[in-house]
Amino acid sequence: MGINFDVSRPKARSSINMTTKFHTIGLIGKPHHPGTNQTLKRLHHWLTVQGYEVLVEERVASELGTNIIAVDLLEIGARCDLAIVVGGDGNMLGAARVLARFDVGVIGVNRGNLGFLTDLPPDAFEEALAKVLDGEFDTEHRFLLEAEVYRHGMLKASNTAVNEAVLHPGKIAHMIEFEVYIDNQFMYSQRADGMIVSTPTGSTAYALSAGGAILTPNLQALILVPMFPHTLSCRPIVVDACSTIKMVVSPENGENLEVSCDGHVHLAVLPGDEIIVRRSSEQLRLIHPKGHNYFHVLRSKLGWGSKLF
């Protein structure tokens, strides 16, 4: 069972509506997950029959059989008009940090738990996806964060995050000390288990669990949520998305720390380091079925009460 690694573009079949925005579609999913593999196989067959060129992310391509065009995420971003991520929000976040570098629309099929970012049902995606491919969809742009670690004035590490950048102890949970500055203005010193700097997208994730407010996706704002602060009056604070957040780690911290980006990428932090978190120039272009309602999603996922009358 070999994989066809030929990435040449076949001619579009006549069944494609040539006025559509999408011609080349990428499939991405969680490797070695039976439910995800089943959905990916159905998607690949369904899209191929309709004449779309389908590229499959190489980590899952070998599990889908033969006659698969396997490529990496960077090539999906560069070549595809639409990327379909099958999995949960974690899979979406991992793909989004790469795909945000490109002008590619991203839509999700939910094979996870809550699925705030994955709209399509795994067992009945065809009807909704067909409408999207025919041009009936809403587009939403979500901005990313850029996190940088400086040591003695030199950049040591950096990465991006869709949800949040979190300063926290490296291995064992314990109190750490640091100062927080907003646009170089001192805000406070903090003794806590860490600090979450979240986008509106991430406000329904780790930040929400830590007591932060939900920010609607269209807000140009960041929320800073201290983790178990030792001052009861310390509360989450919302700042402008154009703000630069600086956290200076006390030299007295005896343990090495980390900055986590979406819980996937970890940047090493030493006592005395400075962490800069700011809005990235990259944006994720999310595709939703027409009529997508954010408050309906919140109500459904969080179990909020339905209309009374």
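Glycine residues also receive a Cβ, built from the backbone N, Cα and C atoms like all the rest.
Among the features that Swiss-Prot reports, active site, proton acceptor is placed at Asp89. Among the features that Swiss-Prot reports, NAD(+) binding site is placed at Asp89, Gly90, Asn163, Glu164, His174, Arg191, Asp193, Thr204, Ala205, Tyr206, Ala207, Leu208, Ser209, with the record citing sequence analysis.
Recorded features from Swiss-Prot, shown on the structure.
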residue	record	contacts (Cβ under 8 Å, 6+ apart)
Asp89	active site, proton acceptor	Gly112, Leu114, Gly115, Phe116, Leu117, Thr118, Ala205
Asn163	NAD(+) binding site	Leu93, Ser198, Thr199, Thr201, Gly202, Ala205, Tyr206, Asp262, Gly263
His174	NAD(+) binding site	Asp193, Glu255
Ala207	NAD(+) binding site	Glu164, Ile196, Ser198, Ile223, Val225, Pro236
Ser209	NAD(+) binding site	none
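With a 10 A radius on its CB, Ala205 (NAD(+) binding site) counts 24 other CB atoms from all the protein chains. DSSP assigns Ala205 (NAD(+) binding site) to coil in the three-state reduction, placing it in neither a helix nor a strand. Cβ neighbours within 10 Å of Asp193 (NAD(+) binding site), excluding its own Cβ and spanning all shown chains: 18.
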